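Annotated features in TrEMBL:
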TRANSMEM  21-49  transmembrane segment
DOMAIN    23-338  domain 'Acyltransferase 3'
TRANSMEM  69-91  transmembrane segment
TRANSMEM  112-129  transmembrane segment
TRANSMEM  209-228  transmembrane segment
TRANSMEM  248-277  transmembrane segment
TRANSMEM  289-308  transmembrane segment
TRANSMEM  328-351  transmembrane segment
Amino acid sequence: MFSKLNKWSERLSRRTSSGDYIAEIDGLRFLAIGSVLVFHLIFSMASAYGRQLQSWEQGIFSVTSRNPFGVQLFFVISGFILAMPFIRHFVGGEKPVSIVRYYLRRLTRLEPPYVIVLVSLFAVSWFLLDSRKADDDPVKLLVRLFYGYGLVYHHPPEIDGVTWTLEIEVQFYLLVPLLVQLFRFPALIRRGILAGVVLLLPWIPVKGILYFTVLNSLAYFLGGFLLADLYLATLKKETDGKVMYDWGAVAVFVLALSLRISNAMPLLIFLFLFLMFRGRLLRRWFSYRPVYVVGGMCYSIYLLHYPIMSMFSRWLAKTRPQLAFGPAVLLSMLVCLPVVLVFSTCFFALIERPCMDSRWPKKLLAWMKGDLAVDLRAEAKPPKTSP
């Protein structure tokens, strides 16, 4: 039984391009997607029931809505992962990163799942729902496919609106080759600049159209840059963590949940991750296989979770309008979370994970041509993929 579970978990594990897999990063993605799921579930229930929350209900909603270990943590992780190969080049003297290959990887890795989900939701909305009330006209779909909805319309889309954060991610991906030039500078200068951005940039007001640009979240991404720099310099070499750093990370986590000053969140997330990498117990937890396997599927979960939650919340509010908010949320967790996980796992295995293989376009073309020999030879080689 356990051998079968191990085989399934291996089939669902994320692939990386460099082979330098960091299990803790996918474990942190588990924390991030878990925070997102809880917040969006409570938000969808509150929206569906459309009534004033009681004080204790408002307290739960307030804590989950202020939790920075969701989308913001994803931003920091993106900065961390994307900076590493450039740091290895500029600081470690390794081979340069191909910018063309970098952009192609982002395109072939992330675009197919995104397009499939958006087009599928558009089709469902257009043919099965009242299209006159839905944000589903073809022009808006086209804008979303090019990650420009927030820039054009200045608000999140109505259908699977959480995808507006992916537009911010794409803006960052485009800027990475320019931003990483910072690693040409000596360590003290570049780390000072990055620390200054993490500390000071969040205090500069960002309003209007700039809210839907990477500028509004740049402190998180560059916090990931700083963490990657320190990780490759020192943290990676520390094999014996200390429990006192675990306690420090937990304290920072609690502080971030209770603090109402959002400007401090980039710093707090950075401190949490820095202390976690120096600790022992948290690193062990985030390296636990079920945790990092689910965390590795976070992109699929993120794309699919909100439509499922929204449909269930509306159905529950319609069939059980008198149900108290607390039991409604609990019932939603018991029903929605397993359903989201099942659908996301299937989508990950069938769509997203194959796209992690950088050679999937060639293999697909060979399969379409019926050239099985080429396909089999490709399968015999270890895949080179991207985070």
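Heads up, residue numbers simply count up from 1 along the chain you see.
A Cβ is built for glycine as well, from the same backbone N, Cα and C atoms used for every other residue.
Across 21-49, 112-129, 209-228, 248-277, 328-351, stretch 209-228 shows the highest tally of CB pairs under 8 A with the transmembrane segment (69-91). Note on the transmembrane segment (328-351): residues 11-12, 37, 41-42, 44-45, 49, 60, 112-113, 116, 294, 297, 299-301, 303-305, 308-309, 312-313, 316-317, 320 of its chain, located 6 or more positions outside it, place their CB under 8 angstroms from a CB of the stretch.
Within its own chain, the transmembrane segment (289-308) is flanked in space by residues 9, 12-14, 23-33, 36-37, 40, 44, 74, 110, 113-114, 117, 121, 159-163, 166, 336, 339-341, 343-345, 347-348, 351-352, which lie at least six positions past its ends and keep a Cβ under 8 Å from the stretch.
Tertiary proximity for the transmembrane segment (248-277) is limited to same-chain residues at least six positions away from its ends with a CB under 8 Å from its CB atoms, namely 24, 28, 63, 66-69, 72-73, 76, 80, 198-199, 201-203, 219-220, 223, 226-227, 230-231, 235, 238, 241, 283, 286. Among residues of the same chain six or more beyond the transmembrane segment (21-49), those with a C-beta under 8 A of the stretch's C-beta atoms are 14, 60-61, 64-65, 67, 69-71, 73-74, 77, 80-81, 162, 273, 276-277, 283, 285-288, 291-296, 298, 301-302, 305-306, 309-310, 312-314, 316-317, 321, 325, 328-329, 332-333, 336-337, 340.
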